[in-house]
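Colleague: Below is one structure. I have some questions about it.
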Amino acid sequence: MTQTVNVIGAGLAGSEAAYQLAERGIKVNLIEMRPVKQTPAHHTDKFAELVCSNSLRGNALTNGVGVLKEEMRRLNSIIIEAADKARVPAGGALAVDRHDFSGYITETLKNHENITVINEEINAIPDGYTIIATGPLTTETLAQEIVDITGKDQLYFYDAAAPIIEKESIDMDKVYLKSRYDKGEAAYLNCPMTEDEFNRFYDAVLEAEVAPVNSFEKEKYFEGCMPFEVMAERGRKTLLFGPMKPVGLEDPKTGKRPYAVVQLRQDDAAGTLYNIVGFQTHLKWGAQKEVIKLIPGLENVDIVRYGVMHRNTFINSPDVLNEKYELISQPNIQFAGQMTGVEGYVESAASGLVAGINLAHKILGKGEVVFPRETMIGSMAYYISHAKNNKNFQPMNANFGLLPSLETRIKDKKERYEAQANRALDYLENFKKTL
């Protein structure tokens, strides 16, 4: 009789790990504290709830995360399967209806013959094979347990979610439908700003009241999900090179490029809700309302969910984990998700996929599974276990810079990325034969 594996946390990573194990005949206890105990950021009791954006980012193979998604798709990832089924229009990105996405994953796992769902808070790491995938909002008690077994102090930063608004309340005469550089379908509503409008908006952001942070917590942001008011503090031009970048978004009414653009992205399958792209924030709700109403087209907008901000937690992985996401000092324990230093929905799920496949192979006596570095999955696993500057280890998105250089140098960036993507998928196909 095979051993039962404990997977703690039913987020993206834990859900993927549990699924990979169960599909290989391994019995799994999937332990999730919600709804018994909620977090400051979650709104439901569903598995793999998306708490920041509803976008899983770029889908093209000229994009690092696009390659990662395709690798996972070929490895029967439950997260990518759900995303493909719950997809909503988003240009060249893969965005999903949050409810359909998490609902599909929840039902699939709850009905799997090899998975037992246990709703309770875990304060101590259980004996036996365990995958810890408790995510950025790990409870203080369990976080201390993790510190005790890793021997390292926690690292932490803040992650922020953007406001969501009702489409019906948008002044459609002031916005236009377009994707940047007309890539993919025209999927974004764009709110153009003149220089005067931008300056009024920018000044209001700087004066807006920020929600308080506990004095004992040092703020440490990851660039990929930084509050827009923090970006604004870096200088008047920072937003213009970030979420309000107008390049490739010429107004079809005038044929001219606006001074600044705020983009709205569809958030649900019905197309009734939109999120404000890149506007994750920690402003007080009243301040959010005042600032958002300065955006052309959103003067009378109805905000259905205000932006929120919450603490994230991750470990110094290069010192304590190997490429199989195993704890070097206690290989029966694995970590998965953002806690390992992978950053992003897809990256988190990919780490769960690696942990789950590896543990299944170990239990079934099939030997270890180390993905080739030429694959995006392998390069992420290599990064978290071999990062050179581990004294200042930082979370990392999937990107082509993590992959080994090509044997023949290609100057053109797009052609180089295409070559790296093709190589990654070739390596993956060969590697799959060993699984």
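Cβ coordinates are placed from backbone N, Cα and C, and glycine is handled just like the others.
Annotations for this protein, taken from Swiss-Prot, read as follows:
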type	residues	note
BINDING	G9, A10, G11, L12, A13, G14	FAD binding site
Colleague: Long-range same-chain neighbours of A13 (FAD binding site), Cβ under 8 Å, sequence gap at least 6?
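Modeller: Result: A133, G135, A336, G337, Q338, S348, A349, S351, G352, A355.
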Colleague: Is it possible to get the count of other C-beta atoms within 10 angstroms of the C-beta of L12 (FAD binding site)?
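Modeller: Taking all protein chains shown, L12 (FAD binding site) has 32 Cβ neighbours within 10 Å.
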Colleague: Determine the Cβ neighbour count for A10 (FAD binding site): the number of other Cβ atoms within 10 Å of its Cβ.
Modeller: 32
Colleague: Just name the most isolated of the binding-site residues G11, G14, going by other Cβ atoms within 10 Å of its Cβ.
Modeller: G11
Colleague: Across all the protein chains here, work out how many other Cβ atoms are within 10 Å of the Cβ of G9 (FAD binding site).
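Modeller: 29, counting other Cβ atoms within 10 Å of G9 (FAD binding site).
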Colleague: Excluding G9, A10, G11, L12, A13, G14, which residues of the same chain place their Cβ within 8 Å of the centroid of the Cβ atoms of the recorded FAD site?
Modeller: V7, S15, E16, A17, F47, A48, A133, T134, G135, A336, G337, S348, G352
Colleague: On the three-state reduction of DSSP, what should I expect for A13 (FAD binding site)?
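Modeller: DSSP assigns A13 (FAD binding site) to helix.
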